[in-house]
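What TrEMBL says about this protein:
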- 29-49: transmembrane segment (TRANSMEM)
- 41-323: domain 'G-protein coupled receptors family 1 profile' (DOMAIN)
- 61-82: transmembrane segment (TRANSMEM)
- 102-124: transmembrane segment (TRANSMEM)
- 145-165: transmembrane segment (TRANSMEM)
- 213-238: transmembrane segment (TRANSMEM)
- 271-294: transmembrane segment (TRANSMEM)
- 306-326: transmembrane segment (TRANSMEM)
Amino acid sequence: MSANFSHLCLTDEQQRMSGTTLEYNLQRYFYPALAIFGILGNVLNLTVLLNRSMRSRANSFLAVLAFADIIFLFLLFPNILANYSFFTFNWYFRWFYLHSKVHLISLANWCSSVAHWCVIAVCADRLLGIQNPLYARATWRWWKLPLVTTVIVFTCGLLTCYQHFEYFCLVRSYCRETQLYSRCLPVNAEKWFGHRPNPFSSRYQSFIAMCKLAHIFLMIILPIILLLFLNLTLLWALRKRQKHLSIGKDFNADRRQNDVHMQKTEHRVTLTVTFIVTMFTLTNGPSALVHLVMYATHEELYDLTMISSTLVICGKASNFILFCLGSKHFRLRLLKLTRKKINRKIDSITGSLVHTTKLSTASSRRTSMPVQEKKRSSSCAPLVAKNRALSTVETIYQPLLNGTHRKGDL
């Protein structure tokens, strides 16, 4: 379903790829800095979380969360670039963007869903560790953590893959095929292009509608409800643990010093997780509410959707700040790794400079040695010739010099 309107030319305003002025300003001025900051922050998170001394169940899930957020933030850049004139009116970029926009959104929602359930896994792991200290100190078998991670990623991908087929986008050429324009309609839309009937079957439309409902409930609403419950339970457990720590410090400080130190460490870790879960709930809760209202009213709340999406992006970019503010151990580990890498870099630069200096010195010696050898050989040549001449004279006149001669000789 493509058409060629070569006799029509679109204005610059008609070729703009942002829906509203709010979206244009957010995508052009706010999202680039936010996305770059979030990517760099999550890369630093991965640097610390993947360190051998930091490996644990909770940190492994947090590492998957950081990786999913990095991919999510990278997928924002085509939308960001589409609001700059150099890319807006570029035919090749428009062709790529208009044909891949729906798929980019689907992949971003997949990463967002993986992040939801990774936060739930971290929160549940912390809660079980507080309620059962033996669970906190025990280690899983080597295959359990990869299995849980794979199930989370695969299930989220399965529940979001319908979004690749949720919309049908019609791309048209204008102005002698120098301009491209696209419009997308959901597959269950009542009105179709050119006032024609919807070409998709009722079964297909019902299947997409069921997938959309399952995604809203399982990937948006249910994670928010679980996070609220788990976060409140964690806060209650923290309060209970704080009372227990104060009692242990006052009455059993001598006998339970190691136990109290361990409990304080778990308390700090749980507090950091609570910060992350709270921020995650505050930034993703409005998005879940907006999706629920849109599904119930069948209205497209564009600006409200943009505001809730901005909160989601802010939440993904703020994880590094939460780690630094909530965990002293994370800060110390990050500083230690940074110093270690800086020292290695300095050592490598110094070693390369020393090696280069040695090579240059050796090469200069090699170039100077032939000249010196030539001078030596030229200065020694007369002496050699003289010695050779003296040896010949000595050979001839040696009998005379020695005063020995045969009879008959003069």
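Just so it is clear, glycine is given a Cβ too, placed from its N, Cα and C backbone atoms.
What you see is a predicted model, and the numbers here were worked out from it, not measured in a lab.
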Q: Return the stretch with the most CB pairs under 8 A relative to the transmembrane segment (145-165), choosing among 61-82, 102-124, 213-238, 271-294, 306-326.
A: 102-124
Q | Winner by Cβ pairs under 8 Å against the transmembrane segment (102-124), considering only 61-82, 271-294, 306-326 | A | 61-82
**Q.** Long-range Cβ neighbours of the transmembrane segment (213-238) (under 8 Å; 6 or more residues past either end)
**A.** 109, 113, 116-117, 119-120, 123-124, 126-127, 130-131, 156, 159-160, 162-163, 267, 270-271, 273-274, 277-278, 280-281, 284-285, 287-288, 291-292, 295
